[in-house]
Amino acid sequence: MNESTMNTKNSEQAILNSEYYETQEISHEIKTVNASVQSSILKDTNTYLTEATFNLPDYLAQRREKVEAALESSITSGYPEKLYKSMRYSLMAGGKRLRPILCLASCELSGGVLEMAMPTACALEMLHTMSLMHDDLPALDNDDYRRGKLTNHKVYGENIAILAGDALLPYAFEYIVVQTKGVPADRLLRVIGQLSHAVGAAGLAGGQVADLESEKLQNIDLATLNFIHSHKTGALLEACVVSGALLVGANDEVLWRLSRYARNVGLAFQIIDDVLDVIATKEQLGKTPGKDEKAQKATYPSLLGINESRYQAQKLIEEAKKELAPFEEKAIPLISLADYIITRTH
């Protein structure tokens, strides 16, 4: 094994085994978010013009359209028909498609093109959808609505919803392997390893268990809450960002910076989710608000208050953006997506 291979393996292991959320000293001076970032995406989405204004709504709409088209063809019909219908029902229920868009953006930042990352982007949405289907079940959050529609188990029953989620999990990995073209096998293995880690006991599943065990406890502190959400929410979001760069064969420096960016963004995302659960309407959220308070769950607003929660989210976003400084204008989409996360209303 040569020195380069050893360094790559050591770096990969360090990312997977490091403490998922690092306590960071964050400056109390919060920079004003620049609403107009200089750049524009041409039809060749790998090219940017610094003299024009980057339009995030247009960027999101274009990317979402591409992701929707890819997802539409990712799962067709089959037997048992009810299983496939259940899988498609939740996968094609809409949503922001933020996770696949983050994957595509990090791939482009690292020098890749959309086509090489689209199968992984779709797989990430499959994994996210699986987690929502299971999270909505009566045994967990017991939600009736998701993305403005009845949850899967309300339409197909709990048994089918569980099995459809189970089916989406391995299919996501199969889809990466079968559909990705022009990417070396060793890179695909690293991507699959990253995604497996993100949804397993060291990631999403572990965070979910910690969340369940913390319900109705009165002594939940901020460190515990950070642990729960850096795993339950942040692990998969980190995989979205890092996997896009892995497909291109990005070096250790790029991977580490993107990992730190994603960890900060992931926690900020959850803080804003908690805030919106308090202040947003059912129509805005597409699901029932106020569920956390009714379940007596510890949340960022319950520990910090609304204003301090927003402040902490803003600080995390500023730290995330600092990690992207060396990439200059290539990082504009990821910077803008970070700002979007704390200004969204649903």
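Cβ coordinates come from backbone N, Cα and C, glycine included.
These numbers come from a predicted model, not from an experiment.
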Swiss-Prot isopentenyl diphosphate site partner of K96, R99, R147, selected from H128, H134, H153: H128
D141 (Mg(2+) 2 binding site), number of other Cβ atoms within 10 Å: 21
H128 (isopentenyl diphosphate binding site): tally of other CB atoms within 10 A of its CB: 23
Among K96, R99, R147, which are binding-site residues, the residue with the most C-beta atoms within 10 angstroms of its C-beta: R99
